[in-house]
Every structure is written in C-alpha cells, then in structure tokens.
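K.L.:
Heads up, here are the entries from TrEMBL:
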- Cys162: active site, nucleophile (ACT_SITE)
- Cys90, Cys93, Cys139, Cys142: Zn(2+) binding site (BINDING)
- 51-173: domain 'MsrB' (DOMAIN)
- 1-21: signal peptide (SIGNAL)
Amino acid sequence: MKPFLSFAVLLLLLSSMLSCSGQPKTKINHMDSVTNQSQQGGGTNNYIKTDAEWKKILSPELYYIARQKGTERPFTSKFENFHEVGTYYCAVCGNPLFRSDTKFDSGCGWPSFYEPISKTSVIYLPDNSYGMKRTEVECGRCKSHLGHVFEDGPPPTGLRYCINGVVLDFKKAQEAEKKYNANH
Ligand SMILES: [Zn+2]
C-alpha cells in the first residue's frame, strides 16, 4: 500500500544491523567523550546541580571526591580487596558503572577495573593537573569525578580504571536480580 513506508522500514533494519556489527576496541578517545557529553545535554536533567546543591545532598566525603575531584587515600577503600559478584554503581546517582567480573587486583591501592559496563557509563576528560598527563573518568550521568584511566591494564582492553571506592555503591548479583524480577 505504501512502498515508501516499507522502504523506510528496510532502511531502519539496515541501520540497526550496521550498528550491531560491533566496533573494534579502541583506546581512550577524548573527542569521543566530548561529543557524548554534548549529546546527552538538553531536556530535563536531574543530575545537573549547582555546587551548593551537591554540598547539601552529599556526605562531606562523597562531595569532596565526586564534586571537588578529590582522591581517597590509597588502600583505604573497602572495595580494594573485595571479590563479591555483582555490579558497581555511581554512589551519587546510581548509574551502573562496572561489573565485578571486570575488576582486578592492580595493587595500586584503589579499586581497579578494565572495562566500564557500557560506552556511555563513563566519560573521559583530559587532566593535566599536578604536572601529569592523565585521563579523568567521570560518571556518564551525573558527571561526578570517579578516578582516572591508564593504559597499563590487563587484556582484553589494556586499560586500568583506577576508581575511588567512595564513589562506588555495590549491589550483589542476587539482590539486583530480585529487584529486576519484582519490577518485570
Ligand atoms: Zn553518577
């Protein structure tokens, strides 16, 4: 009846097939994250707050790390030597960040992962503070400071996400599953 419509459907199918074809893993790309950031802007966003608002909502410790880009003392996080199976969320906004099966013992003093849950879980920003060239990692949703990423991690990514335990919330796999089933 409407050949145009079927053509559009075909196009849609084609484009979704293409996007599923999976890109090879790439190294950290700053330009990528800048575009991500601008795409996510706009609309109502509960995660954009003034500094004063964050200070009111968050615990002093969380505010210092997440919003003032602080760093917790090494070897102080309860997640540093922690091997439970589950998911790590942003302690500020609840955004899922890392899965326990991508966590590894780096010995650097902070919880370390080799891969975030998805491409949009975190964003990357160049950080040239303290005379070092580093890449800062922020929550993809609330833009809270999480830590840094270095290119000396294990396979398959070769990356080491060095994350402050203070900004992580952990949920055991079984609990998360229960919650999922209750909502579906
Ligand atoms: Zn967040």
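Quick reminder: no glycine exception, Cβ is built from N, Cα and C everywhere.
Computed from a predicted structure; not experimentally measured.
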K.L.:
Other than Cys90, Cys93, Cys139, Cys142 themselves, what residues in this chain have Cβ atoms within 8 Å of the centroid of the Zn(2+) site's Cβ atoms?
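P.N.:
Other same-chain residues near the Zn(2+) site: Tyr47, Ala66, Ala91, Val92, Gly94, Asn95, Gly140, Arg141, Lys143, Ser144.
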K.L.:
Measuring Cα to Cα, how many angstrom lie between Cys142 (Zn(2+) binding site) and the residue listed as 'active site, nucleophile'?
P.N.:
18
K.L.:
How do the residues of the domain 'MsrB' (51-173) split into helix, strand and coil according to DSSP?
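P.N.:
Helix (H, G, I), strand (E, B), coil: 24 helix, 40 strand, 59 coil.
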K.L.:
Cα-Cα separation of Cys139 (Zn(2+) binding site) and Cys162 (active site, nucleophile), in Å?
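P.N.:
Cys139 (Zn(2+) binding site) to Cys162 (active site, nucleophile), Cα-Cα distance: 13 Å.
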K.L.:
Between Cys90 (Zn(2+) binding site) and the residue listed as 'active site, nucleophile', how far is it from one CA atom to the other, in Å?
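P.N.:
The separation of the Cα atoms works out to 14 Å.
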K.L.:
Fewest other C-beta atoms within 10 angstroms of its own C-beta: which of the recorded positions Cys90, Cys139, Cys142, Cys162 fits that?
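P.N.:
Counting other Cβ atoms within 10 Å of each of the recorded positions Cys90, Cys139, Cys142, Cys162 gives the minimum at Cys142.
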K.L.:
Quick one: mean pLDDT on the domain 'MsrB' (51-173)?
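P.N.:
Mean model confidence (pLDDT) across the domain 'MsrB' (51-173) is 96.
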K.L.:
How many Å separate the Cα atoms of the residue listed as 'active site, nucleophile' and Cys93 (Zn(2+) binding site)?
P.N.:
19
